[in-house]
Amino acid sequence: MGTWDDVKDFRKYANQYLAAFTGTLLMLSVAASYGWTSPTLPLLLAADSPLPITPDESSWIVSILVLTSIGGPIVTAWLIDGFGRKITLLVAVIPSIIGWVLIGVGDSVAVLFVSRALSGISYGMAYSSMPLYLGEIASDRIRGSIGTLLTVMAKTGILLEYVIGPYVGYRTLAWISIAFPSAFFVLFLWLPESPYFLLAKQRPEQAEKNLRWLRRASDVQDELKMMQAAVERSQQNRGTFRDLLTRGNRRSLIIILGLGALQQLCGSQAVIAYSQQIFDQVDSGLAAHESSIIMAVIQLVTAALSSSIVDRVGRRPLLLMSTVGCAVGTFIVGLYFFLVHQEVDVDGIGWIPLVVIMIYIVFYTVGLATVPFAILGEVFPTNVKAVAAAIYTMFAGSVGFGVSKLYQLISDEAGTYLSFWIFAACSTAFVVFVFALVPETKGKPLDQILVEMHTSTSRSINCCRGKKQRPV
């Protein structure tokens, strides 16, 4: 009976899963652009490189994508309410397609830089618009699983680049990778616009038609009325940047920007972007690309399981555990590279940094990779969530650019060990930040969370469990 109920549930939500899966092909595409550097940079830096580059140029190849991703939310903000969620997502994938074409036909580093800049715009647009589309098409009951699909598809994109890249040529990989954004564009053309956007544009008939398709139901009037009421409230309470600077929102902004910085400064993006080069320095008995593939598989599996863990364990414990795990992991890996730098014999212990990096990825993915996004949706009032999300994306991208650019420079000039010890120091410092400032929001109504965010001390945020407090 239970199995039959599951089958009926899937049939009921099939169109929503279809729309979500097709939509998140965009996340797979842009994440593939980020993962592309891991198998490609060693090839371009080799003596027989198809496009010779310097180590400094390799750091720009990684970091330009992160830098231009900062502009993604700006473009999204201009398009998403004026032209719609669907048009915005279709426009978002176009720079990515052009970027892959440039890699396939280009024969200079300058063209490669332009390609990475275009991919970065797609990256920023996708991450600032896709969560909104998924949230607006999903039923309450499956919103969590559909939200998780975003992260899972992104990790899948990275894994595909890690798996395919080492076995094909530099330009061949680009032509293979262009299939991902192209498939998204062709398939997503046939999927519906968000009913919320259509209601906001005074198109109730089309909104009802799209909602019927999504819900696989003929009578959607009750839900449509609820959507209409939500749209009207949103239009009456549009938020601005100034609204973020009120007392409670200012505290929320500090928390979410701190978590955005922590996501980058713990070293995650450097490990993902430079993984094959990192594993090249580790004598673990496995080829560097094989170690990278194992790491990507572990990250994908952990991401798929993380949503249920977040709701069971809570936000604060997961963040604390994740941050401590990243601090310890990067310190140990840094210690290994320090011993190598000091020419200490490390034969026989090359497996230690390999295992530690795998454990590090688990700790990062289960906490820092997912929890900040959950908190972002919980600690701000509805009218300023979009503004807060845009600022968060741009700030995290700015910090990520610094990490991506400086990692290679510091590693080349002083040693890889110093880069990892900087990551360890930053993670350790942020343990205090998480403990002192980040609230536990698990199981609390949004109204109660917002009341607690306006209390006079950070201690009251963390200690308050059930009773409401008056805003100050």
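One is the number of the first residue shown, and numbering goes on along the chain from there.
Glycine is treated like the rest: Cβ placed from N, Cα and C.
What TrEMBL lists as domain 'Major facilitator superfamily (MFS) profile' is 1-442.
The transmembrane segment annotation in TrEMBL covers 17-36 (among others). When Cβ-Cβ distances below 8 Å are used as the criterion, the transmembrane segment (17-36) is approached by residues 10, 65, 89, 92-93, 96, 99, 116, 119, 122-123, 126-127, 130, 133-134, 137-138, 142, 146, 149-150, 152-162, 165, 173, 177, 180-181, 183-184, 187-188, 191-192, 214, 272-273, 296 of the same chain, each at least six residues removed from its ends.
Taken from TrEMBL, the feature transmembrane segment covers 60-80 (among others).
Annotated transmembrane segment per TrEMBL: 87-105 (among others), in sequence order.
TrEMBL lists 111-134 (among others) with the feature transmembrane segment. Residues 20, 23-24, 26-27, 29-30, 33-34, 51, 53, 60-61, 64-73, 75-77, 80, 85-86, 88-89, 91-96, 98-100, 102-103, 143, 146-147, 149-150, 181, 194, 373, 386, 389-390, 393, 397 of the same chain lie 6 or more positions beyond the ends of the transmembrane segment (111-134) yet place their CB under 8 Å from a CB of it.
The transmembrane segment annotation in TrEMBL covers 146-167 (among others).
Residues or ranges marked as transmembrane segment by TrEMBL: 173-191 (among others). Outside the transmembrane segment (173-191) by six or more residues, the chain places 18-19, 22-23, 25-26, 28-29, 32-33, 36, 39-40, 86, 89-90, 93-94, 96-97, 100-101, 103-104, 122, 157, 160-161, 164-165 with a CB less than 8 A from a CB of the stretch.
If you look up TrEMBL, you'll see 252-274 (among others) marked as transmembrane segment.
Sequence annotations record features per position, and here TrEMBL assigns transmembrane segment to 286-306 (among others).
Beyond the ends of the transmembrane segment (318-339), by six or more residues, the same chain brings 259, 262, 266-268, 281-282, 309-310, 346, 349, 352-353, 356-357, 359-360, 362-364, 366-368, 371, 415-421, 423-424, 427-428, 430-431, 434-435, 438 to within a C-beta distance below 8 angstroms of the stretch. Annotation source TrEMBL lists transmembrane segment at 318-339 (among others).
Among the features that TrEMBL reports, transmembrane segment is placed at 351-375 (among others).
Residues or ranges marked as transmembrane segment in TrEMBL: 387-407 (among others).
Annotation comment: TrEMBL describes 419-438 (among others) as transmembrane segment. Residues 251, 254-255, 258-259, 261-262, 265-267, 270, 315-316, 319-320, 323-324, 326-328, 330-331, 333-334, 337-338, 375, 407, 410-411, 458, 461-462 of the same chain, all 6+ positions outside the transmembrane segment (419-438), place their C-beta atoms under 8 angstroms from a C-beta of that stretch.
The transmembrane segment (387-407) and the transmembrane segment (87-105) are not in contact, since fewer than 3 Cβ pairs between them lie under 8 Å (pairs 6 or more apart in sequence). Spatially, the transmembrane segment (351-375) is adjacent to the transmembrane segment (252-274); three or more Cβ-Cβ distances between them are under 8 Å for residues at least 6 apart in sequence. The transmembrane segment (87-105) and the transmembrane segment (60-80) are in contact, since at least 3 Cβ pairs between them lie under 8 Å (pairs 6 or more apart in sequence). When the stretches 146-167, 252-274, 286-306 are ranked by Cβ pairs under 8 Å to the transmembrane segment (60-80), first place goes to 252-274. Through the fold, the transmembrane segment (252-274) approaches residues 34-35, 37-38, 41, 62, 66, 158, 244-245, 319, 323, 326-327, 330, 357, 360-361, 364, 368-369, 371-372, 375-376, 379-380, 388, 391-392, 395-396, 399-400, 402-404, 407-408, 419-420, 423, 426-427, 430, 433-434, 437-439, 453 of its own chain, all at least 6 residues removed from its boundaries and within a Cβ separation under 8 Å. Note on the domain 'Major facilitator superfamily (MFS) profile' (1-442): mean pLDDT across this stretch is 88.
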